[in-house]
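Student: TrEMBL feature annotations, pasted as is:
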- 9-30: transmembrane segment (TRANSMEM)
- 91-109: transmembrane segment (TRANSMEM)
- 265-286: transmembrane segment (TRANSMEM)
- 313-330: transmembrane segment (TRANSMEM)
- 342-365: transmembrane segment (TRANSMEM)
- 403-426: transmembrane segment (TRANSMEM)
Amino acid sequence: MGIRRLSEACFLLGVFLMTVAFIQLSPQFLMNLFVQSIGYYFQKIIQLGFHCDAFEQSGESGGLEDRDRLLPEINAPEQADVHVWMNYWTMFYWGWWTSWCSFVGMFIAKISKGRTIKQFINGTLTAPVLYSFLWLVIFGGNGLLLERTSAAKGYCCLLEDQGQSFMNIPQIEAIIDTKSLAKQPIIHNQSDFLCSGDIGCGPCSSSFLKMKEASNETYEDLLNEYKLMKDDFVRASPDRKFSRLSCNIKGKNDVEKTWFDVMRAFGDIGFAFCLISLAGIVLYFVTSSDSGSLVIDCLSSNGDPDPPKIQRLFWAITEGATATALIVAGEDNEGLKMLQNAGLISGLPFTLIVCLLCVSIWRYVKMVMGDLDVSGPKFKISLFDPFFTKPYLKWSKGVFKNMIFLFIEVIIEVCLAPLTIGKVAVM
């Protein structure tokens, strides 16, 4: 009952977040995006399954201008590295899912007892796929729309300035106090003193100053916003309704922060959304860990459906200790990568077992329906049996003898060929 209640709580939290996000954003936009994404998914699924990044790994696209094709140039050597492409390969992402099959499959079978195959497929395949489509369309579409509107508003990433961005807060504060500019309106083409560098502000800082000038803000307003936003200055608005999500990837590669930027873009309820998201993350992790512990506990108890709870607690602690050890062993995000690689290594070999299981399930279904009689008579034959049956031996008795003689004659002719050619030449 505990796992069931946790799962229901996770599901309700997810549905609540999706419903509110759908209502808050443009429903018409999301419905159009859903239909468009479904078509794009089925259009690209075959291509992604066979794509190996052949041309990208071969180097820069020479002759780009002559062909008049909009192919991207490779700006860095590592972009053409096979290891970079391999890390983002779709098959590797699938490997993480496959590593969950060993215990998720048994857990789903345990809770699906008494269901028909149709109900099982709808509950484990059809419904989760539709739910995943909706989730990615609603929150992914919201993120893409937030990125586009924020860029159009004038927010940007300071990394684009390459050393010509705003100075730190104490330096700007000292300059504003020295020049008595606190109450003066911002003039973007006369504010190069706010930026480090000898040739003025970079493109991002200049764009941001233009936006502030159009809003009739003062230098004091700019300084107060800098103090409030700190690292998020220039890339997000103080009310978080605008935020450049791409800056999280370009800078510190803080991808996890992107989700909470999307949540905070919902205005006054954004902070509550962040708390609900954190609760959902914890519950999803606890549910997955509890399910895995139950399956491992059953396996280690020789299939006992009700193993001792103290034993399940032992396996839960062991799983947590293993994950913690892998995370602590690495630095920064390297520990998480080690944990992901461990799952990937265990998932890829299990893919072969999954393929065999598919065949086994199909044969079992045929047996249950009566199309396959396992106890009926069978025509058994081994791999080399045809070569030792009486008809074959009788037929091959003279054939093998003739073949040996022909082979010997060929060898003799090859060896005597130079002598024969020499005789012909002399004559």
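Keep in mind that glycine also has a Cβ here, set from the backbone N, Cα and C atoms.
What's the neighbourhood like for each of these?
Tutor: Tertiary proximity for the transmembrane segment (9-30) is limited to same-chain residues at least six positions away from its ends with a CB under 8 Å from its CB atoms, namely 131, 134-135, 137-139, 141-142, 145, 266, 269, 273, 276-277, 279-280, 283-284, 287.
Residues 49, 124, 291-292, 294-296, 298-299, 340, 343-344, 346-348, 350-351, 354 of the same chain lie 6 or more positions beyond the ends of the transmembrane segment (91-109) yet place their CB under 8 Å from a CB of it.
Long-range neighbours of the transmembrane segment (265-286) within the same chain, counting only residues 6 or more positions beyond its ends whose Cβ lies under 8 Å from a Cβ of the stretch, are 6, 9-10, 13-14, 16-17, 20-21, 24, 142, 146, 239-243, 259.
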